[in-house]
Amino acid sequence: MIINIMGGDWQEITQSIIIGLIFSFLVAKLISMVISIKDANLKVTREQEDEDDDVKPNQESTSLPEVKEEEEIIESDEKKKKSADTTTRVVSESDEDDYDDWEGVESTELDEIFSAATAFVATAAADRLSQKVSNDVQLELYGLYKIATEGPCTSPQPSAIKMTARAKWNAWQKLGAMPPEDAMEKYITIVSEIYPAWISGSSVKKHGGVKEGNDSKRSMGPVFSSFAYEEESDNELKMEAIHTSAREGELDNLVKHIESGVSVNLKDSEGRSPLHWAVDRGHLDIVELLLSKNADVNAQDNEGQTPLHYAATCDREAIAEILVKQNADTDVKDNDGSSASDLCESNWSWLRK
Amino acid sequence: MAENNSTVESNGDGENLEISSEIGNSSNSNVVVNENDAAAIEAITRKVQDTLTVGGKKHKFWETQPVGQFKDLGDTSLPEGPIELPTPVSEVKQEPYNLPSLYEWTTCDIDSEETCAEVYSLLTNNYVEDDENMFRFNYSKEFLRWALRPPGYFKSWHIGVRVKVSKKLVAFITGIPAKIRVGDVVVTKAEINFLCVHKKLRSKRLAPVMIKEVTRRVHLENIWQAAYTAGVVLPTPIATCQYWHRSLNPKKLIDVGFSRLGARMTMSRTIKLYKLPESTVTPGFRKMELRDVPAVTRLLREYLSQFIVAPYFNEDDVEHWLLPTENVVDSYLVESPETHEITDFVSFYTLPSSILGNQNHSILKAAYSYYNVSTKTPLLQLMNDALIVAKQRDYDVFNALDIMHNESFLKELKFGPGDGQLHYYLYNYRVKHALKPSELGLVLL
């Protein structure tokens, strides 16, 4: 009896222990799965970080004309070897000589389009309204992306429990040693199939046309700044069309004004003649024209300055010489008592008699 | 730029990959505006929202880094100080990060004339340009040696990337150690600078791995914080500063497009406006010499102590950073003619830029205001003398940030605002409130 009862109990106890073990194993497994899924998420997030362009260094606008590239001061490796001892100087040389060095290394058009495509996928994917892309396609894109950016898969196979990671790993692994260029092309093809309109999308404008002007400021490191505003304008100033033409160097317009009877010595509200403006902006042809039309070479503005004062201040030697040849008076003093030669920082010996 | 504002993540059951947007998170962040820094926070928030709405841009990389996050802006419950605790150096990843297979890491020995020339060439042709691609920084080789070899520097922090086959140098990033005080605490940090990737390698995504690699090498020296600047808003600036420019050679600046002449303004009047006296006006104003190092160190320590973030210089640092070096750094001081006491100090560094595509000029010679100390001579007068010296030495323009007490002289000395803003960042250090530029006492090259 006792043994029997005991025996029955044993069976029950053993049974419940086994069931309990199995159950707790399953629970543990479940927990580890949940955790591993989270892990996988984190991993994906980290992998995606690499794509972020926040941290890209100063990268160049492709709008730079080709000519500029050729003017670039790049020392070629070859040159360097020849003159290793005298490398203190930089040899101006066309980068194109280095062509072989760059083959397979420089960013190609394919790189650009691929980059645009990945950016597009990221933006499109962020748009909740965009059509859902099947899991298989996403995995395929993932695999191609990894091949294109990192090459063949060399990382160890993730455990079978980490289903997401495993699926991705498989997608990468099965592409084997596919060349990155093929992967990029395939990627672009798939994206183009899913979103036929992507190439005209916004991200392409950025990459095709490419980069906006402010790209250089989107980088870590120092900033090149220049003046935000123009040199203050004198808003009270009233000037006529003939002054504007002289200032802008518009020869034809200037001739028209003179022919239509506008005085060649017309003054603006600061007392400046067209000749003052032409000298100020350095338009030699306009200066000659005005002088040939008998413009007053010694006209003084409201501060008592002649065109020669302007030429001296602005260091315009060729123009100053013409003015002097046309009998500009070198002794005229402005309201501060300065002659043209007082204002001249360069050494114009011909001006200081 | 690419906007990678999404994460690939799995949904609940782990079966399906779903791509979801997280744009909401940052734009909805609560911003508590305090009276003091209301303006600063507003400005930053506006920028954050701008980037989010215009570019839909998120900062995936920086969100995973120990830096102040946008979502924490104005959250006063978070402590000021390091974000992550140091780990034992032995636990730092020992191997370099992987580069794409065509490239390899190299340590750039800047002492080697040949390597220095390669770095110079890479930077001169590929480093920072202005918005319109009219100018590109042209740091001289002497400048690079000065900037990269301060006392206690690590050669291993001068990191290059070469093409495996040709050995051509195609990318560069550097760190230097610097003792920087934030509040009351002086900690050795890394100053990260000169991140540059060759133009032909854009869209190869080398930059993130370079930043990670320099961070790893900094950690290997048991240093856990860093300071850096950027022209772009990243999470999260500790201060946002403005560049100002003072024309010294207005005609050349206008000719090359650095500044523009208003239609109703004459060149003649502009030149007159910026004219400077022939010689300096402060009695006892002279060039700094080696024998001045102790006095200058004392002067600077005392002066810089009033700013919230500032370098903590010892005499070796002062000798390195401030003793004049031809065409790199210039320092002048005021020695009282009566007591021979050193009372004031002014310095600037020389950073030329290549002028791209101008027939008449190829180099823009710019002086950048560095560290200035005024105790007896008014700062305005001191800076005016600095301008006069720079003009004598043929600089085209004198640049200054609105940091320290600079704002007090900018307008009066005819500086005009620039189109460039410079944001300052600390890595692995959170500040509770953004600093006003005037609370910042740090200049990064």
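Even glycines carry a Cβ here, placed using N, Cα and C.
Heads up, TrEMBL stuff is auto-annotated, nobody curated it.
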* Structure fact -> Of A:234-257, A:330-353, the range TrEMBL tags as region 'Disordered' is A:330-353
* For the repeat 'ANK' (A:270-302), distant same-chain residues with Cβ under 8 A (at least six beyond the ends) -> 234, 237, 239, 242-243, 245-249, 251, 254-255, 258, 264, 308, 310-311, 314, 316, 318-319, 322-323, 326-329, 332, 334
* Structure fact -> In the same chain, residues at least 6 away from the ends of the repeat 'ANK' (A:303-335) whose Cβ sits under 8 Å of its Cβ atoms read 271, 273, 275-276, 279-280, 282, 284, 287-288, 291, 297, 341, 343-346, 348, 350-351, 353
